[in-house]
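J.: Below you'll find the structure I mean.
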Amino acid sequence: MRILAEHHVQLLDPSELMRPEPSFADKNPSKFRDYSVDTSDPLKERVRQTYRQMHLNQTVDFVKGRREHWLKFNTIRMTVREALEKLNDLVDESDPDLDLPNIIHAFQAAERARAEFPEQDWLHLTALIHDLGKIMAFYGEPQWAVVGDTFAVGCRWGDSIVYREESFEGNPDGDNPAYNTELGIYQPNCGVDNLLMSWGHDEYMYSVLKHNKTKLPHVACNIIRFHSFYPWHNGGDYKHLEAPQDAETKKWVLIFNRYDLYTKSEVVPDIEALWPYYQTLIDKYLPGVLEF
């Protein structure tokens, strides 16, 4: 699913491509894409196949294996700026009408957060770095384990997961009585912080932040960790696993997703002019060389 071209990696992130739901809408919902199956549409079919591979392969054992692999944090050492600039080589085919590197989207999202919440500098940096976990794509991770909507493993799959009816067929967790009930391996109201999430760039970057002892507030880390957890924050699934403090996380994730989903445009920010401000935030919250 991953396309390598010289030093470039092209990713189709279906979590962004097929969004937004009307509840996030800034424009007429009739213009939005949907998750209907149309095998004659190459883009829709590629999205469907990405989710098919994800839902077939993302099991409890798979997730534990990827955590064991990646959470040694011995893949590469980089500063935040170096990691962001590496995203220049990652063209996210989320929008077929635009062909912009991820770093441009990162600055677009950050600047929108800055405009709406000028005093919340932690949110500006959160928006800037939210997709840094996608660097896994440069180091051999398949697309379906990097991008797309996330979900909890170890319990019954949420009803609102895209392609839910057919794409999990063959996933062994569905036949495992330890994992296929409403609660599965969890306790009621255990909190989303305690869920074992499907593996992707969200969970990886959250872990990178914690490993490198970021000074960003915990809610910022949770925005990054759960921004693709659409079955929870938009679909209404997993309520029986929520804890009271999750309401604050959900509030900020929904705010953040406006910047993530609606900032893609042909207006390219002056990144060089913006670097000094964002470098001060990096120095404040996530300084130095990080272990990825």
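All positions are counted from 1 along the displayed chain.
Here the Cβ of each residue, glycine as well, is placed from N, Cα and C on the backbone.
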J.: For the annotation region 'Disordered' in TrEMBL, which listed range does it cover: 15-38, 159-182?
T.: 15-38
J.: Given the recorded positions SER40, ASP149, SER228, find the one whose Cα is closest in space to the Cα of ASP131 (Fe cation binding site).
T.: SER228
J.: CB neighbours of SER40 (phosphoserine) within 10 A?
T.: 6
J.: Can you tell me the CA-to-CA distance separating HIS105 (Fe cation binding site) and ASP149 (substrate binding site), as a whole number of Å?
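T.: Per the Cα atoms, HIS105 (Fe cation binding site) and ASP149 (substrate binding site) stand 18 Å apart.
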